[in-house]
Amino acid sequence: MADKLIIFDTTLRDGEQSPGASMTKDEKLRIARQLERLRVDVIEAGFAASSNGDFEAVRAIADVIKESTVCSLARANDRDIARAAEALKSAARSRIHTFIATSELHMEKKLRMTREQVLEQARLSIRFARNLCEDIEFSPEDGYRSDPDFLCRVIEAVINEGATTINVPDTVGYGIPELYGNFIRTLRERVPNSDKAVWSVHCHNDLGMAVANSLAGVKIGGARQIECTINGLGERAGNCSLEEVVMAVRTRRDHFGLEVGIDTTQIVPASRLVSQTTGFIVQPNKAVVGANAFAHASGIHQDGVLKARDTYEIMRAEDVGWSANKIVLGKLSGRNAFKQRLQELGIELESETDVNAAFARFKDLADRKSDIFDEDIIALVGDESVTHEQETYRLLSLEQQSATGERPHAKVAFAVGETEFHAESEGNGPVDASLKAIESKLKSGAEMLLYSVNAITSGSTESQGEVTVRLQHGGRVVNGVGADPDIVVASAKAYLSALNKLHSKNERVAAQG
């Protein structure tokens, strides 16, 4: 029987460290439920000690997830570890993941600690954690750039104290596949008690090799856990992509000889949910989950695929969750048909009240758009009016006028709590005029870093526009997403969505692994 490869998803922790990718508790819950449907082995739900908001998110996820192990990150100190254990108290399966840097650069410049101090702190942190939880993971931060002799001492010590998983991060994405794989193998060969723990890899994508390095760590190094994120989400150039490593191991089972427990038909729904929630659009040519991943434009390729799919396809689109049934509903569709399609898409709303709210949004959209696609449904169930996210700012109505040769003008009505405001402004275009009207009353002081428009579905001018707005204020960066057939309305929704996140998100302590 083939060995099992453990899939450790850190979308909700390391992925969230992407500038603008911060998520609310309810958003994290929705993604965690999808990760469980995906049958991820371990869900790193957050960094419980970083903020009250993250603590509550980890605790809420621990309350509802029953099959996957729920994990919280913690620095190698008693306070962080105790906070993680408290947040995970209700979990059916829990793990504490603690870390401390071991490279000379990090120890000297960041920690200002000697080797012996780091070794002792690592040892004591694992000893303390084992009193609170049986499943303990240890990561030597910047492990790949650490001195191998010292790293072996640290790893041997923490395994002796009870660490059950040893994760060796390439924190800055410096590794090359052959070198990184051999590095993991050398550590496993030199650490006397290496067989007492599962070995894991965590690779960043700064040189574009996170997936290749992770697979080398498994094939050459003998690791049996990969840490990864949906869509490769993560700070800087991102993390190892879950969908890519899973499909690589599954498609090339002849080479890796490993099994993964992932339900691959849930990969595309997970990708869409993370993209819609964070506002990070998936590039069309992204492997496995990009819109063009199974598209064939060349006539020769098209002819070959029509005759035999395996001429140019090594995977089947439906195996990763792409549906051939695109047009699903219309304005005559009833509530039961809508609810059934939600289930088919893997969308789980918390109550019948939420289903009713989503159906009301669907009927409103169907009155304005003849064909409703899966992507439209995914966008509308993420709307704050459906999810009951805390809405300090809420769009009520928008009217805009523009004509050739005239300066566009917009009138906007919106609510701040229970107070209604009316504002109007001119601008360089209808979107600019609308957002200036909102700012004329709010005076938020936020700086816009990004404005982008993406067609939710292609091939028709009826398509909804999905707008992402990235704002920065007080050192925090957030994304807001809005969808509507009218891109001016979508823009106002996205802007207010971002302001809601700025208003509600707690300060965080950054963690890197």
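Numbering starts at 1 and runs along the chain as displayed.
Placed from the backbone N, Cα and C atoms, the Cβ positions cover glycine too.
Bear in mind that the values here come from a model prediction, so they are computed numbers and not experimental data.
As given in Swiss-Prot:
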| type | residues | note |
| --- | --- | --- |
| BINDING | Asp14, His202, His204, Asn239 | Mn(2+) binding site |
| DOMAIN | 5-268 | domain 'Pyruvate carboxyltransferase' |
| REGION | 394-513 | region 'Regulatory domain' |
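Look at the region 'Regulatory domain' (394-513): DSSP puts its residues at 31 helix, 51 strand, 38 coil. DSSP gives His204 (Mn(2+) binding site) a strand state. Taking a C-beta cut-off of under 8 Å and a sequence gap of six or more, Asn239 (Mn(2+) binding site) has these contacts in its own chain: Thr10, Asp14, Gly15, His202, Cys203, His204, Asn205, Ala210, Glu227, Cys228, Thr229, Gly232, Leu233. Every protein chain considered, the tally of other Cβ atoms within 10 Å of the Cβ of His204 (Mn(2+) binding site) stands at 27. All protein chains included, His202 (Mn(2+) binding site) registers 29 other Cβ atoms within 10 Å of its own Cβ. Secondary structure at Asp14 (Mn(2+) binding site), taken from DSSP and collapsed to helix, strand or coil, is coil. For Asp14 (Mn(2+) binding site), the number of other Cβ atoms no farther than 10 Å from its own Cβ, over all displayed protein chains, is 27.
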